[in-house]
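Trainee: Structure provided below as structure tokens; questions to follow.
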Amino acid sequence: MATLPLSLIFAFKNRPKCVITRAQYVKVMAWQEVTAKRSNELGSPTRRKSSIQELVFLEDDVQALNEAFPQGEKADTSWAVTVLFYLAKLVFGILGLALSIIWLLHIIVFMLVNPPAFPFLNQVFIQLDSAWGLLGTTAFAIFCYYLIMSVISGEMHSIHPMKYQGTLMNSFLFNVAIILLCSTR
């Protein structure tokens, strides 16, 4: 339950702070071009595997560079959207951290202690439902959705990391099995 909020907060912390100059952009692109050419020279199978890893890191670097140096006619708008996107990540990271702490408190107070010390979230949802019929259900849905998103975030980071057009089918099926296992009950 910690990976989702912490990854959002760290994404804000490691965001591009300002737009880089054209000279810096050209310098970094030249370095990335040299790295790409070097990784194209395939040799032994171990070299191929390290080349694939280098290409994945290179793609990440190119994406980070494109965020730091927006191009095109609407470069200012693109930079503003990038800044707002990282601020939204910070806000959702802080909210997620609060939800994680609440879930952990509920697990400790209600589930680990026998008999339960206090019906923490159960009582909160009942009180919200008595205030307005759909409020308790909505809060419960938000908490459940957050748990599923935490599972998805955690398994994408550690067990079998998933990348767009870079995940093997067996890794994808393993991740789907974990999500289905966590969503049943």
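Cβ atoms are placed via backbone N, Cα and C, with glycine included.
Annotations per Swiss-Prot:
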TOPO_DOM  1-89  topological domain 'Cytoplasmic'
TOPO_DOM  111-131  topological domain 'Extracellular'
TOPO_DOM  153-163  topological domain 'Cytoplasmic'
TRANSMEM  90-110  transmembrane segment
TRANSMEM  132-152  transmembrane segment
TRANSMEM  164-184  transmembrane segment
Trainee: Quick check on the topological domain 'Extracellular' (111-131): DSSP residue counts for helix, strand, coil, in that order please.
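Mentor: Across the topological domain 'Extracellular' (111-131), DSSP assigns the residues as follows: 14 helix, 0 strand, 7 coil.
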Trainee: For the topological domain 'Extracellular' (111-131), what's the mean pLDDT in this predicted model?
Mentor: 87
Trainee: Sort out the residues at least 6 away from either end of the topological domain 'Extracellular' (111-131), same chain, that have Cβ-Cβ distances under 8 Å to it, and list them.
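Mentor: Apart from its flanks, the topological domain 'Extracellular' (111-131) reaches 102-103, 105, 137, 139-140, 143.
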